[in-house]
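For A:226, the entry in TrEMBL reads active site, proton acceptor. Marked as NAD(+) binding site by TrEMBL: A:10, A:11, A:12, A:13, A:14, A:15, A:98, A:174, A:290, A:319. Positions annotated as substrate binding site by TrEMBL: A:121, A:290, A:291. Annotation source TrEMBL lists domain 'Glycerol-3-phosphate dehydrogenase NAD-dependent N-terminal' at A:5-190.
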C-alpha cells in the first residue's frame, strides 16, 4: 500500500492545532503516511501579506494560532480541489455551515476510496423526520432538505460525496491541544480494524491520547447533545442551586443522551459514553463551556437569550439552544416528549415558553426514576 | 405483614437529614411502615439540656441540623439496644469508625430477619488480602483483622451481625438534602424485588429521588474510590492544568473504578456507574469536595498533607489519601499496579514518594489507551 496522503480542510484555531499533530505523526510514520500534509487555507490578508504565504514561510498561523510552530511538512494550499485531489484522507475542520459548500466543490474531484474524518464540533442537529432508515434514499434526502431533519455533519459529508466518514470528538479544546496539554479524544469509525489503527496512529501523540470505537454516530451525537445538557446546567447555576442538584441535572441529561442515541441510531455501545466524547466532554462543557455561561446569565439577568449571547460571546453563538430546538421538534413529531423532559425543558426555557424555575419540576418524575 | 419498624442509628448532620425523610415517608405510608421512627442519639449536653430531650420536645436537632424541623413521629432514644430491639430496618448513619462498636453492642439483641441500610459515606477501604471468596469463613475474618484487608462498611455490619445489608449513596450532601434541594441517591440491594420497592418508598421524596440497583458493592465502592480520583483532580488543579486535562484525569479515574470493582467484586453492572452513586457523585467530589481542595492546596503550597488538612478541614480528615494507601497496598499485593496507574500515583504523590508533576507521565500510557 502506498503511503496515505492527508489533507486538513480548514486552518482556523482547531484546524491549525490538529495540523500540528498530523504533521508530526505523518512525518514520524512515513511508511504509513505521506509526510507532506496539505492544509487548505481560505486565503485572506494578514498584516499586508497573504496568510498562506505567511504559513508556508514562517510555519505558523499568526492569525488563528499565534506562537505555535507548525511542522514544516504541513503545506498551506489555497485551492480546495488542488489541496484534496490526490488525498486519501480528508480531515474536515471547518465551521459546520461551510461543510455542504466545501463538499459540493469537491464532488467529482476526489480519489476513489478516500476517507473523511470530521472534527467539526459546533454541530447542530437538523431535524430528520422520516424515521430511521439508513442509508437514506433520494426521497429521504429531499425530505431532509425540505422539512429540516436531523442530519449529522458526517451524514452531510457522506450524502454529498458518497465516501466513508469517521469522526473525532472529545474533551479537547483547541487552545489546550495547541499547548500540548494532556488530553484525550475519541475516534468513531465503523470500518475496518486496519483503518481504525491507522487513524489512531495519525492522531495520537504523547499528549493527545486516542481511543477508537466503532459506533461513530454515538461519538458525534454526544458532541451535539452535550450542549443541551450544558444549558440545563447553566440554568441550575443561574438559579443558585447547589452542587448536588447540578450533578443530578447533568446525570439525567446524560441518560437522555444515551436514550436518544439508542432510539434514533440503534446499536450504540454503552461503553462509548465512558469515552472522552461522552462523560469527559460533557463534564467540561457543563462546568466551563459557553452554553453553560450563556444560560446562567440568561437566568440571572432576565435579558433575552440573543442579547446575552451577543454580550458574552462576541459574535460566536451558543449551539445548545439551537440544538434543543431541533431536538424538540423531532421529539414532538414522534410524540416522545415525555421520555426526554430535560431536552424539552431546555428548549422551552430558552424560547421563553417556560420559566427557568420550572426546570426542576420537569425532572422530578423523570422516567429514569421509575423502578427498574 | 405487620408494618416495618425503622430505626435511624445516628443523629449527626446526615442522620438528622435522613430522619426528616424517613419520618415523613413512614408516616405517609403507614400501611407499610410503623410511623414511629426511632432515632438513636448518643446523649450529650446542649445548651445545658440533654440533646435527646431537646429533640423530643422541640422536634429539631439544634446541634447538628439547626433550623430544620424533624417530623414529630421521629423519637430520640438514647439507649442503643432499646432503640433497635423491635426494629425491622436499621439505618446506619454513624461515622465509620463507630460501626464495629455499635454492631458489637447490638449482637444478640435484634429481631430475626432485620435489614440494615448503610448510609455511611466516609468509607475507607481496609485491605483484604485473602482474595475474592464470599462469604468469608472464620479464618478469612481472622486474617482481615490481623493483616488489614479491604472491607466495606456493609461487610463489617454483615460480618458482625449476620444480617442483610443494603447501601444508599450518591451525590447528596446533608446540607443540600436538609434544604430540600433536588437531588438523587442510589440504593444498592441484592435481595428481593419487594424489599427493593419498600426501600425506595421509604427513602424517596419529591426532592430526593431514588434509583435502586442490585449490585450493592458497586454502589458502595464508588463512594469510597471516588475520593482517590478527587485527589488526582485536585493535583491537576494545583498544577494549573486546564479543563480538558482535568476531564481526562477524572475519566481515567472512573475507568479505574470500574476495573477495580469488576476485578474484586465481579458481576457489577456497567449501568450502575451511570447512577447518582457513580458519575454524579464523582463529578461533585472532583469539582467541589474536600479531597480535591486538600490536594490542590498540598500541591500549590508544598506543605505536608497533614498540615494542609488541619488548616483547611479543621479536624475533619480527607478520606482520599487513606483510601489510596489501602488500595495501593492491595494492588501491590496482587501485582496489579500497572493496571491502575492513577490510583497508584495518587498514593505515591500523597505519601511524598512522587512529585505531583509526575502525575501526567503516569497516565500517558494508561491501559485505557490501548487499542480495543
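Just so you know, glycine gets a Cβ as well, placed from its N, Cα and C.
Curation does not apply to TrEMBL; its annotations are automatic.
Since this is a predicted model, take the numbers as computed values, not measurements.
Overlay of TrEMBL feature records on the structure.
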residue : record                       : Cβ neighbours (10 Å)
A:10    : NAD(+) binding site          : 25
A:12    : NAD(+) binding site          : 17
A:14    : NAD(+) binding site          : 25
A:98    : NAD(+) binding site          : 14
A:121   : substrate binding site       : 23
A:226   : active site, proton acceptor : 31
A:290   : NAD(+) binding site          : 19
A:291   : substrate binding site       : 28
If we check Cα distances from residue A:14 (NAD(+) binding site), which of the recorded positions A:121, A:226, A:291 wins as closest?
A:121
Any idea what the Cα distance is from residue A:121 (substrate binding site) over to residue A:12 (NAD(+) binding site), rounded to a whole Å?
13
Across the domain 'Glycerol-3-phosphate dehydrogenase NAD-dependent N-terminal' (A:5-190), what does the mean pLDDT come to, as a whole number?
88
With the substrate site defined by the record as A:121, A:290, A:291, how many Å span the farthest pair of C-alpha atoms?
13
According to DSSP, folded down to helix, strand and coil, what is residue A:290 (NAD(+) binding site)?
helix
Just the number: how many Å between the Cα atoms of residue A:290 (NAD(+) binding site) and the residue listed as 'active site, proton acceptor'?
12
Pop the Cα-Cα gap between residue A:226 (active site, proton acceptor) and residue A:98 (NAD(+) binding site) into the table, whole Å please.
22
Between residue A:291 (substrate binding site) and residue A:226 (active site, proton acceptor), what C-alpha distance do you get in Å?
10
